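*Asks:* A single structure is presented below for examination.
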Amino acid sequence: SPSTSRQQNQPQGHYGLTSPISLAPPNDKDHIHTQKLIEAMKPFGVFEDQEELYQRTTVLGKLNNLVKEWISELAESKNLPPSITEHVGGKIFTFGSYRLGVHTKGSSDIDALCVAPSHVERSDFFQSFFEKLKNQEEVKNLRAIEDAYVPVIKFEFDGIEIDLVFAKLSLPTVSDDLDLRDDSCLKSLDIRCIRSLNGSRVTDEILRLVPNLENFRLTLRAVKLWAKRRGVYSNIMGFLGGVSWAMLVARICQLYPNALASTLVNKFFLIFSKWDWPKPVLLKRLEESFLNLPVWDPRVNPSDRYHVMPIITPAYPQQNSTYNVSVSTRAVMVEEFQRGLEVTDEILKGKSDWSKLFEPLNFFQKYKHYIVLTASAFTEEHHLNWIGLVESKIRVLVGNLERNEFITIAHVQPQSFPGNEDLYKQSGYVSMWFLGLVFKKAESAVKTNVDLTHGIQSFTDTVYRQASALNILKEGMKIEATYVKRKQLHYFLPAETLQKRKKQRVSDISQNNSGLQCKRSSLGESCLDGSKDRDSRTPSNSSSLNKISKLDISTAETERLILISWPNSKSQVSPTEMEATVALRTSGPPIGCTIPGYNTVCQLRTCFVQGQHKLSGTLITDPKSASPKQHYSPTSK
């Protein structure tokens, strides 16, 4: 049972905080279920081995020494007194999955924080320390992202991927026994340093607030595996990231301090499938501080009132970790919580086994309507920068679509897929994302127009403007949005990706733990690891790609008329002609975004789908703007 001090951390009646819920002590059946849960997770590589743990520990030790050496050299170059130079210190802290103790096998990335004394500037970190890293033989793939929300240097150190952020303290020296949980360390810091420190401070506070670390870690491993398998693990896409899942699990551990992991997983789904969102989830009471930094508080901040699924970080300054969540992504997660509850209830009753909980979401069989979002660039380097930006903005597209009065759900699949061979030949390097759409049911037989133009155009304009502002917009960078029906997805994806499978082969999953490891893109969290290339590199029916313009796009009796039309289009289409395209897209930047050597107009297409009729697609272009010798394919104009 939790200690008295632990129970005191559970205040009563504040934003849903309640005291621990009494349960009978774990019995033999609970232990058996927990052991079966562990066995079900093992094939997915969620448990790291001692060799990997030793390698990461060694790398962090080397990096820590490198930081101290750099800070000392910098002190000498700035002519600090020898008495200070000898003791300036500096330290590496870890946070995220590694610090929480839930690192997985084959996942070699580590989130780390470089803490430096007051004489070290952020510019020093991105210049002199960057150069020092560049001169290390063990360091590969070094890159700096200074414009990110939390500026970061990314690199591989002896094969271990490191995301290193920076913060300087208002202290002349940084000792090895520095405790970042003390709020006074935030004094006189700029907002970027506070954001950098927040990762480590939140992680340590989560670990302090859970009553049993072993049960917490095992439950969190199970929940994270489930979230990745069901496609709801991605902060950047509007779902939840690692820290948010950790806080939800920590809250369940607080409520059921005596329960084992098998029970905690079931209670996790029970509590959050019935949670009264947007009531926030907190691990402790919101606290005041002498620093007067902005904290999450809807009573004070009007913008906080619009957060639909708030999960509040426990370390000062408390923030909502889920501000990216939208109405659609919350609806998808709640549906998954409800399924998780049904499955775990069956498991605990002996009617099923734990492997059923981890069955993958059959996303491409779930919806009738999809939008295929394609991002392409001519070179690999440009493509990496481009897809990082596009991926960081996809949640904007989801928000735009769900605000359409005829759309109830806009569900994005977090994983991206590479284009097939034809697309690579035509557009260079290609990545695709898929969004499933649910339209409101028709209340009558009257046909209705659903215009998606504004939402998609607004999204593409946003991406191009951001790319132009960041000076990463290059010739050949394109975004294209294509509307397709479920039966047309095989033109974009291989059969093994689309086929309906209740269970995915363990050998497919455990291969280097691919598909489970979400890594950060250049502009935020994303799933951009090489596993996506391995999982879906198989070309789809490329010989049939150009036939998409002749597809049968007839609709079911209950479906609405969907009319996607571009303003000011000079193409004339008569509904009586029964002709349509299945593509809606833009390619090229909006007015005001210039690319060196890139002089082309937007290629716009019209999508017309009429209910209760069989329509064949035909290409519609503006003859005055169409370039000569252009060929039509699903993702390239």
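Here the Cβ of each residue, glycine as well, is placed from N, Cα and C on the backbone.
So TrEMBL has the following annotated:
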type     : residues                                                                                    : note
COMPBIAS : 1-12                                                                                        : compositional bias 'Polar residues'
REGION   : 1-29                                                                                        : region 'Disordered'
DOMAIN   : 16-210                                                                                      : domain 'Poly(A) polymerase nucleotidyltransferase'
BINDING  : Phe95, Gly96, Ser97, Thr104, Asp109, Ile110, Asp111, Asp163, Lys224, Tyr233, Gly242, Val243 : ATP binding site
BINDING  : Asp109, Asp111, Asp163                                                                      : Mg(2+) 2 binding site
BINDING  : Asp109, Asp111                                                                              : Mg(2+) 1 binding site
TRANSMEM : 231-250                                                                                     : transmembrane segment
DOMAIN   : 362-421                                                                                     : domain 'Poly(A) polymerase RNA-binding'
DOMAIN   : 425-503                                                                                     : domain 'Poly(A) polymerase RNA-binding'
REGION   : 525-546                                                                                     : region 'Disordered'
REGION   : 618-637                                                                                     : region 'Disordered'
COMPBIAS : 627-637                                                                                     : compositional bias 'Polar residues'
*Asks:* By DSSP assignment, list the helix, strand and coil residue numbers for the domain 'Poly(A) polymerase RNA-binding' (362-421), in that order.
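*Replies:* Secondary-structure breakdown of the domain 'Poly(A) polymerase RNA-binding' (362-421): 28 helix, 17 strand, 15 coil.
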*Asks:* Would you find the one among the binding-site residues Phe95, Ser97, Asp109, Asp111, Lys224 whose Cβ has the most company, meaning other Cβ atoms within 10 Å?
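*Replies:* Going through Phe95, Ser97, Asp109, Asp111, Lys224 one by one, the largest Cβ count within 10 Å is at Phe95.
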*Asks:* Could you tell me the mean pLDDT the prediction assigns to the domain 'Poly(A) polymerase RNA-binding' (362-421)?
*Replies:* 91
*Asks:* Roughly how many Å separate the Cα of Gly242 (ATP binding site) from that of Asp163 (Mg(2+) 2 binding site), to the nearest whole number?
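*Replies:* Computed Cα spacing between Gly242 (ATP binding site) and Asp163 (Mg(2+) 2 binding site) is 15 Å.
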*Asks:* Using a Cβ cut-off of under 8 Å, list the residues of the same chain at least 6 residues beyond the transmembrane segment (231-250) that approach it.
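*Replies:* Same-chain contacts beyond the flanks: 96-97, 100, 102, 199, 202-203, 206, 209-210, 216, 219-220, 223-224, 264, 268, 272, 281, 283, 311-314, 321-322, 324-326, 328-329, 332-333, 336, 360-361, 363, 391-392, 394-395, 398, 412-415, 518, 521, 524-527.
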*Asks:* What is the interatomic distance between the Cα atoms of Phe95 (ATP binding site) and Asp163 (Mg(2+) 2 binding site), given in whole Å?
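*Replies:* Phe95 (ATP binding site) to Asp163 (Mg(2+) 2 binding site), Cα-Cα distance: 10 Å.
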*Asks:* Taking only the residues the record lists as binding ATP, namely Phe95, Gly96, Ser97, Thr104, Asp109, Ile110, Asp111, Asp163, Lys224, Tyr233, Gly242, Val243, what is the largest Cα to Cα distance between any two of them, in Å to the nearest whole number?
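*Replies:* Value for the max Cα separation, rounded to a whole number: 20 Å.
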*Asks:* Give me the count of other Cβ atoms within 10 A of the Cβ belonging to Gly242 (ATP binding site).
*Replies:* 22
*Asks:* What are the DSSP helix/strand/coil residue counts across the domain 'Poly(A) polymerase RNA-binding' (425-503)?
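*Replies:* Taking the domain 'Poly(A) polymerase RNA-binding' (425-503) as a whole: 30 helix, 19 strand, 30 coil.
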*Asks:* At the level of the C-alpha atoms, what whole-angstrom distance separates Asp111 (ATP binding site) and Asp163 (Mg(2+) 2 binding site)?
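*Replies:* One finds 5 Å between the Cα atoms of these residues.
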*Asks:* To the nearest Å, how far is the Cα of Lys224 (ATP binding site) from the Cα of Asp163 (Mg(2+) 2 binding site)?
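*Replies:* It is 20 Å, counting Cα to Cα.
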*Asks:* Inside 10 Å of the Cβ of Asp163 (Mg(2+) 2 binding site), count up the other Cβ atoms and send me the figure.
*Replies:* 20
*Asks:* About how far apart, in whole Å, are the alpha carbons (Cα) of Asp163 (Mg(2+) 2 binding site) and Ser97 (ATP binding site)?
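*Replies:* Asp163 (Mg(2+) 2 binding site) to Ser97 (ATP binding site), Cα-Cα distance: 12 Å.
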